[in-house]
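Right, one structure below, let's go through it.
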Amino acid sequence: MAQLERSAISGFSSKSRRNSFAYDVKREVYNEETFQQEHKRKASSSGNMNINITTFRHHVQCRCSWHRFLRCVLTIFPFLEWMCMYRLKDWLLGDLLAGISVGLVQVPQGLTLSLLARQLIPPLNIAYAAFCSSVIYVIFGSCHQMSIGSFFLVSALLINVLKVSPFNNGQLVMGSFVKNEFSAPSYLMGYNKSLSVVATTTFLTGIIQLIMGVLGLGFIATYLPESAMSAYLAAVALHIMLSQLTFIFGIMISFHAGPISFFYDIINYCVALPKANSTSILVFLTVVVALRINKCIRISFNQYPIEFPMELFLIIGFTVIANKISMATETSQTLIDMIPYSFLLPVTPDFSLLPKIILQAFSLSLVSSFLLIFLGKKIASLHNYSVNSNQDLIAIGLCNVVSSFFRSCVFTGAIARTIIQDKSGGRQQFASLVGAGVMLLLMVKMGHFFYTLPNAVLAGIILSNVIPYLETISNLPSLWRQDQYDCALWMMTFSSSIFLGLDIGLIISVVSAFFITTVRSHRAKILLLGQIPNTNIYRSINDYREIITIPGVKIFQCCSSITFVNVYYLKHKLLKEVDMVKVPLKEEEIFSLFNSSDTNLQGGKICRCFCNCDDLEPLPRILYTERFENKLDPEASSINLIHCSHFESMNTSQTASEDQVPYTVSSVSQKNQGQQYEEVEEVWLPNNSSRNSSPGLPDVAESQGRRSLIPYSDASLLPSVHTIILDFSMVHYVDSRGLVVLRQICNAFQNANILILIAGCHSSIVRAFERNDFFDAGITKTQLFLSVHDAVLFALSRKVIGSSELSIDESETVIRETYSETDKNDNSRYKMSSSFLGSQKNVSPGFIKIQQPVEEESELDLELESEQEAGLGLDLDLDRELEPEMEPKAETETKTQTEMEPQPETEPEMEPNPKSRPRAHTFPQQRYWPMYHPSMASTQSQTQTRTWSVERRRHPMDSYSPEGNSNEDV
């Protein structure tokens with residue numbers, strides 16, 4: 001059969017290799033803005049919808065349904081679910097065997113509880129409390145194989161509580177059993193008070209657990225990995241084995257509680273070892289060997305494995321033998337003879353003792369609750385179902401509240417009995433119900449027969465069932481190889497639970513798990529990606545040999561959420577990859593920048609006073625004083641003060657063509673708007689000459705001289721990288737501080753002539769950007785792309801011809817032609833292909849260089865001729881229909897357009913009209929990068945359908961042009 005499966009799998013894999021699949025998708029390059037325009041979002045379902053509810057019946061129907069009501073009932077009462085789907089023929093026999101075995105084991109455990117807890121509790125009170133607790137967990141519990149009862153390790157924590165009011169001068173706590181006369185009124189009063197302390201502690205423990213369950217604090221267990229739960233259960237198993245040494249060797253010691261109590265008890269056992277009972281040791285070894293042999297016996301019922309109930313036969317057999325002959329071993333008979341009552345009526349706890357026991361109750365509630373949750377999760381993982389931690393907290397809280405009226409100890413999940421119930425074939429809580437009934441029946445009718453049962457039998461049964469929890473210690477080497485963090489958490493939880501106790505160890509485990517989870521989730525892992533050749537797949541450059549990097553484009557993948565913890569590491573990583581460092585500005589540098597931007601209007605005066613009735617300029621949104629320097633050449637790689645403002649829309653009546661005005665406002669556009677400059681809101685940008693311009697506009701030489709006074713100008717920056725792409729496909733959360741620093745990063749690199757693009761943002765991240773006011777006219781949704789490949793295509797499409805092919809000095813001017821949306825839709829000559837993929841031609845938009853220097857303040861009215869430029873070999877399709885030959889009426893159109901532009905009044909002679917006009921590129925109908933521009937008059941923006949913008953080239957840009965310098969001279 002296995003060979004057939006392997007052959008089928010190999011045949012399927014070979015068939016998959018033969019039938020290779022390929023896909024060819026042709027679509028436009030989408031950014032977030034264009035994608036939302038074409039594909040509308042669904043309406044928000046946040047619950048704030050305006051629904052007209054007229055009657056109470058409609059009000060209830062909008063919020064309640066039969067399905068929700070049924071789900072709520074099944075959550076509160078889980079037994080209804082397994083009762084409705086109970087398979088009687090398959091599960092009944094296993095549940096009966098498991099219930100009888102658990103019930104028989106629970107009888108001697110209840111009798112020896114007083115011996116371990118060092119408190120004389122009547123046996124029938126323990127039996128009734130255990131029965132009520134089992135029934136309550138059957139109704140409200142969510143674990144199918146859980147057995148509820150008194151757990152002696154939790155009861156051992158009551159030693160500190162019993163020291164508050166010892167009734168026999170502390171002799172029982174110290175391990176000396178001296179039978180006293182209960183007829184003395186003082187002795188009986190002290191005994192009743194000690195029982196009241198135990199009952200009040202159990203009641204307060206149950207109340208705390210109920211509060212934890214109602215508040216939903218069970219989610220804490222979900223943050224604890226499997227390694228932490230295994231380590232805690234292993235530590236509990238060691239504590240159980242240590243406590244059973246009392247029964248194995250037949251000696252009594254003084255138990256300790258608190259830190260290092262584990263080692264104190266070991267020392268006490270070693271001291272008392274010469275008094276060990278050899279008969280008890282022999283009985284213990286006999287039980288262990290019998291249970292070990294029993295593991296080799298396999299029984300199945302209806303294809304369900306059932307282990308032979310050896311514990312049932314051992315308890316019955318040794319009980320019969322002990323009642324026939326004297327075995328000279330330690331039994332529970334000695335302690336039971338000291339108890340004055342067999343049963344005490346239920347009473348209410350003494351609430352006056354609550355302030356004295358609140359710390360002990362809190363410690364008991366934590367240990368008992370999480371022990372139950374850990375054990376339930378461990379068992380549920382073996383049977384492929386899940387448990388509800390909050391529901392279990394409520395269930396165990398009710399169990400302890402009810403058991404407190406019987407003056408019993410704290411109840412929780414019993415590890416040994418739970419394992420016995422699971423391996424004996426128990427499938428549902430019906431087995432626990434059967435076990436509780438058997439236990440109560442035996443304790444009421446035949447309890448005295450079990451008084452002579454050797455305690456070593458119970459110790460052998462418990463140790464044989466808890467030893468498997470120690471097997472995780474042998475798995476530590478493999479756990480270290482799998483995950484070092486989990487291995488470290490395992491060792492920390494185990495060692496703290498052994499050295500400091502179960503309560504403190506649990507707190508340390510939870511805190512350590514939270515810390516490790518937080519560190520791992522917020523630890524920034526930034527990968528530098530490259531492209532797999534001839535694909536749209538991008539992987540880490542360190543993982544594949546054939547991977548290629550795109551010139552001028554850096555792709556970074558963020559593999560964690562962006563928070564205040566790791567956002568600065570992201571910034572440091574980006575600066576490191578582009579070989580730049582940040583350096584704080586000096587005072588004279590800041591003063592020089594302020595002097596060049598503000599005080600030049602008053603002739604260099606530092607202090608000036610004037611009256612301004614207009615609204616104050618809004619404060620910049622992000623302020624910090626630092627500059628970036630190249631590591632290799634800091635003198636030639638500095639940029640201006642990073643001083644970013646909140647860009648708002650200056651005019652709501654702007655046309656679509658105005659949104660495509662380039663970011664750097666040219667001197668010609670400044671001159672054209674000279675009359676309206678005072679009405680334009682000022683925005684402080686690096687090297688923004690509009691900030692320095694006066695209504696009179698000085699001449700070219702003066703403006704160039706003023707520009708040279710700025711100590712750190714981006715005109716000297718020669719970036720080898722023109723675009724940085726951040727892959728946010730693995731980012732699921734960005735906090736407020738991360739958004740602020742991320743915005744600073746975008747503006748800082750923008751001032752360095754490096755564009756930041758973000759790819760693969762989840763919709764929740766985009767909404768977080770919108771809620772935190774991340775976008776404005778400077779940083780828009782056009783910088784957000786749906787995939788990394790979209791961002792790469794856009795980054796390559798915006799490359800311009802740089803200094804490697806064309807020699808552009810500072811006096812050269814670049815002219816870009818833009819069209820309005822209506823002009824693009826009406827004229828077919830400006831259409832472009834609907835896809836960037838699938839074309840043999842590789843055309844990239846470029847700027848036309850004007851060979852002859854032109855005066856800066858001259859006004860140009862030029863048409864640019866379309867030219868094509870070879871790309872970089874990527875799958876770019878920038879198909880354009882070239883503009884047809886110009887007709888004679890083009891000259892009249894040019895004259896008309898020239899008349900529409902605002903003419904300056906002071907210097908009309910500075911406007912030469914060139915004779916030849918080369919035509920410009922037909923740019924795609926996109927708005928990927930809307931830049932800031934001063935507002936135009938509303939009347940002019942409505943009538944002007946085609947605009948021209950002249951940009952001042954501050955520095956050459958790297959580009960790729962295999963045809964070399966093919967531009968025509970103007």
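Numbering starts at 1 and runs along the chain as it is shown here.
Cβ from N, Cα, C; glycine included.
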Membrane-side pairing of Pro259 with Leu335, Swiss-Prot annotation: yes
Where Swiss-Prot places N-linked glycosylation site when the choices are Asn192, Asn277: Asn192
Intrachain residues whose Cβ lies under 8 Å of the topological domain 'Cytoplasmic' (292-307), provided they are six or more past its termini: 89-91, 93-94, 97, 423-425, 427, 464
Sequence-remote partners of the topological domain 'Extracellular' (329-355) [C-beta within less than 8 Å, at least six residues beyond its ends]: 108, 111-112, 114-115, 120-125, 128, 164, 177, 179-180, 182, 188, 191, 195-197, 199-200, 202-204, 247, 250, 277, 279-280, 283, 322, 404-407, 450-456
Intrachain neighbours beyond the topological domain 'Extracellular' (474-497), with Cβ under 8 angstroms and 6 or more residues off its ends: 225-228, 230-232, 234-236, 504-506, 508-509, 512-513, 516, 520
Sequence-remote partners of the topological domain 'Cytoplasmic' (224-232) [C-beta within less than 8 Å, at least six residues beyond its ends]: 370-371, 374, 377-378, 381, 469, 472, 479, 483, 486-487, 489-491, 493-494, 497, 502, 505-506, 509-510, 512-513
